[in-house]
Amino acid sequence: MTFDDLKIQTVKDQPDEKSNGKKAKGLQFLYSPWWCLAAATLGVLCLGLVVTIMVLGMQLSQVSDLLTQEQANLTHQKKKLEGQISARQQAEEASQESENELKEMIETLARKLNEKSKEQMELHHQNLNLQETLKRVANCSAPCPQDWIWHGENCYLFSSGSFNWEKSQEKCLSLDAKLLKINSTADLDFIQQAISYSSFPFWMGLSRRNPSYPWLWEDGSPLMPHLFRVRGAVSQTYPSGTCAYIQRGAVYAENCILAAFSICQKKANLRAQ
């Protein structure tokens, strides 16, 4: 082994001072204040980033909930709107049906009105014809005046008010008539039937001054005994005289001053027949 070989080996065995110097400088850099500050800043930034991500996640969750709620509200509003639209459609359909029914009703009423108008026109024509007939009939005289009852040769009027015998006589005279006079059994039967509906007394044209005098009619003719018998106070004497009235088919005598209904009688106008 030569000297040069030992030198070379010695050189190889010596440590690399430059490399060790670099390592020492690197460790010294790691423990420098600037590196610690940078690491702390980076940690704070990472922590802030994590917090930001968490906050954003929470906000995203809230936004998602709001979107879900809003979607639910929109769905509810949609259903509500659909229900309103459906109700409106049903209302329109019902309105259309009502309108159709109303049209049919109007058409029916119009048809009935037309029919009624035709009937009214026919009735109007019939009324005109009836008026013409009444005019022709009016030119002919009736046997008895209005409200009088015709029987045989006479007309009879039954009064609606009660008066004494003398006042009743005046009433009949004002009507160009006299109080009732019965000339036959047929007349008696007719009067009895005519007043059978009533229980009131009716004055007749039969009277006498006192019991010693005969019963006389207004025209002075005497009562025929076979027609009827006068009942009641036939033997009584009254200052105003005794008069006869008919009630329930029988004839009675009474004070002429008392009030009763009356029956007027006059001749019928048979020339119109």
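Glycine is no exception: its Cβ is also placed from the backbone N, Cα and C atoms.
Residues annotated as topological domain 'Cytoplasmic' in Swiss-Prot: 1-36.
What Swiss-Prot records for 37-57 is transmembrane segment. Within the chain carrying the transmembrane segment (37-57), a Cβ under 8 angstroms from the stretch's Cβ atoms is held by none of the residues 6 or more beyond its ends.
Confidence annotation: the topological domain 'Extracellular' (58-273) carries a mean pLDDT of 86 in the model. Annotation comment: Swiss-Prot describes 58-273 as topological domain 'Extracellular', evidence class sequence analysis.
The feature coiled coil is assigned by Swiss-Prot to 64-123, with sequence analysis given as support.
Among the features that Swiss-Prot reports, N-linked glycosylation site is placed at N73 (among others). In sequence order, the list of same-chain residues 6 or more apart from N73 (N-linked glycosylation site) whose Cβ falls under 8 Å from its Cβ is empty.
Swiss-Prot lists N139 (among others) with the feature N-linked glycosylation site.
As annotated by Swiss-Prot, site 'Not glycosylated' applies to N183, with the evidence given as a curator's inference. Residue density at N183 (site 'Not glycosylated'): 15 other Cβ atoms are found within 10 A of its Cβ, drawing on all protein chains shown.
In the three-state DSSP reading, N73 (N-linked glycosylation site) counts as helix.
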